[in-house]
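All remarks here apply to the structure that follows.
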Amino acid sequence: MCRYALIVLVVVVVATNLSEANIFDVPTCEPNRIYKTCGPACPPTCEDPDPDCNETPQCKAGCFCIPGLIENMKGGNCISPSLCP
């Protein structure tokens, strides 16, 4: 009986800590961006629309432009490539 009470106590403590840490919350992104847990390490920008990363092919979590748009580094927003300055 004591063993089961201890297991229940551990589960309650872990669940409480996880809910307080907000690990299940998906970050809110700016307009025209979507959150990805594994986005491109070198996303396309107006300045470099077809980046050739010499890095190891890794990904990073964050907010990225939705498909079809690229980042305008001067304005910090995602726009159609045809609108790049």
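Just so it is clear, glycine is given a Cβ too, placed from its N, Cα and C backbone atoms.
According to Swiss-Prot, the signal peptide annotation covers 1-21.
Residue environment of Cys29 (disulfide bond) contains 16 other Cβ atoms, counted within 10 Å of its Cβ in all protein chains. A coil conformation is recorded for Cys29 (disulfide bond) in the three-state DSSP classification, outside any helix or strand. Look at Swiss-Prot and you will find Cys29-Cys63 (among others) tagged as disulfide bond, backed by similarity to another entry.
Confidence annotation: the domain 'TIL' (29-84) carries a mean pLDDT of 90 in the model. Under the heading domain 'TIL', Swiss-Prot lists 29-84, citing sequence analysis as support.
Around Cys38 (disulfide bond), taking its Cβ as the centre, 10 other Cβ atoms fall within 10 Å, counting all chains. Cys38 (disulfide bond) falls within a strand when secondary structure is assigned with DSSP. Look at Swiss-Prot and you will find Cys38-Cys59 (among others) tagged as disulfide bond.
The disulfide bond annotation in Swiss-Prot covers Cys42-Cys53 (among others) and rests on similarity to another entry. If you draw a 10 Å sphere around the CB of Cys53 (disulfide bond), it holds 12 other CB atoms from the protein chains shown. For the recorded site, Cys53 (disulfide bond), the DSSP three-state label reads coil.
Sequence-distant neighbours of Cys46 (disulfide bond): residues of the same chain at least 6 apart with a C-beta under 8 Å from its C-beta are Ile70, Glu71, Asn72, Met73, Lys74, Ile79, Pro81, Cys84, Pro85. Per Swiss-Prot, the feature disulfide bond maps to Cys46-Cys84 (among others); the stated evidence is similarity to another entry.
Same-chain residues at least 6 positions away in sequence with a Cβ under 8 Å from that of Cys65 (disulfide bond) are, in sequence order, Asn32, Arg33, Pro43, Pro44, Glu71, Cys78. Marked as disulfide bond by Swiss-Prot on the basis of similarity to another entry: Cys65-Cys78 (among others).
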Could you tell me the C-alpha distance between Cys63 (disulfide bond) and Cys38 (disulfide bond) in angstrom, no decimals?
10
From Cys29, Cys42, Cys53: disulfide-bonded residues whose CA lies within 10 A of Cys59 (disulfide bond):
Cys42
Which residue, of the disulfide-bonded residues Cys42, Cys59, Cys63, Cys78, Cys84, has its CB surrounded by the fewest other CB atoms within 10 A?
Cys59
Cys42 (disulfide bond) to Cys29 (disulfide bond) - Cα separation in whole Å:
18
From the Cα of Cys29 (disulfide bond) across to the Cα of Cys53 (disulfide bond), what is the distance in angstrom?
24
